[in-house]
Amino acid sequence: MLPFDTIEEAATFMGRNLTAAETMWFKYSAKKSDYYLYCHNILFLFLIFSVVPLPLVFVEMMRSLGFDKYKIQPKVSLSLPEMFKCYKDVMRMFVLVVGPLQLVSYPSIKIIGIRTGLPLPSLWEIVAQLTVYFMIEDYTNYWIHRFLHGKWGYEKIHRVHHEYTAPIGFAAPYAHWLEVLILGIPSFLGPAIVPGHMITFWLWIALRQIEAIETHSGYDFPWTPTRFIPFYGGADYHDYHHYVGGQSQSNFASVFTYCDYIYGTDKGYRYHKKVLRKLVMVMWCYSSVVVTDPGGVPPNWRPLTDEEKGDADPLVGSSYGSAQLDPKQSAMVAASQEIRFCHKCKQFKPPRAHHCSVCRRCILKMDHHCVWVVNCVGALNYKYFLLFLFYTFLETTLVSLLLLRVFMEFFMEGEIDETPGSLAATFITFVLNIAFTLSILGFLIMHITLVGANTSTIEAYEKKTSPKWRYDLGWKKNFEQVFGLDKKYWFIPAYSEDDLRRMPALHGFEYPTRPDLEPLQQH
């Protein structure tokens with residue numbers, strides 16, 4: 001209650017006129033007790049817990065309208081009765097625990113010195129105090145939360161909160177009554193250390209609960225604070241915590257992620273995100289290999305004859321003439337080791353092209369026909385195939401690291417979190433994954449070696465008795481013939497327009513050679 005009867009008395013006391021905000025505060029609070037003002041928190045919490053999650057309920061019910069792409073765990077769906085049950089449980093906890101706690105905790109507010117009088121704090125003072133409150137609460141909450149994920153704390157208390165493996169907004173305050181009391185300590189610790197005005201205290205309680213609802217929303221929207229506030233955890237970060245459950249290496253931060261980063265308790269999340277990113281790249285590269293034509297020889301292609309030199313330049317192609325060998329063409333083939341003719345396709349074929357018996361056509365710079373991609377690997381999709389191997393190796397390596405902890409537990413004595421069945425399944429999965437990773441690694445090393453020598457699998461077999469290779473221009477140029485000159489495109493299944501325009505080798509017809517080596521006999 002303010003010690004002034006009129007606004008004029010308050011202005012005289014402060015030595016200045018009241019601001020508009022101070023005038024409004026005077027009119028509202030002048031005749032109200034401090035206890036009454038403090039109990040506003042009960043109304044604020046009730047409104048926040050009841051109203052703020054409602055848009056998320058609408059989004060969950062209308063996922064078919066395009067919201068599904070923002071759902072972090074799209075396979076999990078909650079019905080309206082299930083969400084209403086969660087709300088009823090939260091309100092029961094509110095009436096039995098949170099409300100009474102607010103009513104009896106008023107003496108502590110008076111002791112720490114939270115004031116209700118004039119002048120009101122400035123905006124910068126409010127922001128500074130709220131920042132301190134968030135930092136103190138976040139650090140304290142981290143250690144309490146981490147304790148609750150110990151064996152006793154999780155089994156006896158914290159397990160209730162994790163009943164929702166895919167959280168929703170109403171589940172933010174859904175917890176064991178003892179957890180509600182324990183986690184209330186960090187919320188009061190900041191105002192106790194840096195006491196401010198009652199308005200600041202109201203804002204703090206409201207913002208903290210709204211933040212908790214946002215992190216439990218289950219949706220990663222484009223406007224989430226994660227994209228604008230450094231080190232802010234957000235829904236995606238905390239959703240992983242619920243997804244993992246009682247495992248110790250989980251995200252414990254309530255607001256910011258710096259504690260998890262410093263103490264190493266976000267490793268599982270970081271590995272998880274890396275696995276997802278690598279999985280996206282694996283699928284992108286795999287689909288590129290499957291759908292991209294490896295490069296076929298155009299119908300009626302034939303080498304261009306240089307009549308002035310009296311020989312043929314097989315590095316330039318045109319689409320004219322007949323595929324049938326006439327006497328002049330037969331003489332051309334006989335006179336040149338470089339001019340090649342496919343007797344199955346009944347037409348000429350460029351250098352480094354080979355006939356695929358599965359595809360029933362000649363493939364430019366054919367490497368092999370891969371049954372795993374149901375396609376030939378040739379000039380136009382060889383880079384995509386290499387990237388597919390590379391990202392598959394990274395993906396399986398990360399998965400192996402994630403499974404390593406459980407694999408080690410298989411040989412350890414003492415209590416473990418996993419059941420015998422899940423432990424055995426993880427052990428077998430780890431062994432099979434390691435075997436697959438090593439096989440992919442061997443295949444990747446082989447193809448990197450082939451790229452370094454500017455040769456294909458077929459060519460490596462054909463020239464195994466010839467140590468010198470006329471297309472070997474050095475490791476750097478050989479690499480650029482496959483991956484292009486633009487480094488930004490080296491690790492994605494695409495080429496820049498400049499590379500496609502200025503590098504004939506990417507089209508599969510023209511390949512520069514070493515002038516010091518004579519042409520090799522090709523079949």
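Cβ atoms are placed via backbone N, Cα and C, with glycine included.
Matching 93-114, 115-136 against TrEMBL, the residues noted as transmembrane segment span 93-114. Note on the transmembrane segment (93-114): residues 34-35, 38-39, 41-42, 45-46, 49, 173-175, 177, 180-181, 184, 188, 191-192, 195-198, 201 of its chain, located 6 or more positions outside it, place their CB under 8 angstroms from a CB of the stretch. Below 8 angstroms of C-beta separation, residues 25, 34, 37-38, 40-41, 44-45, 48, 93, 97-98, 101, 105, 108-109, 112-116, 120-121, 125-126, 129-130, 132-138, 140-141, 144-145, 148, 157, 173, 254 of the same chain, each at least six residues beyond the ends of the transmembrane segment (180-207), sit close to that stretch.
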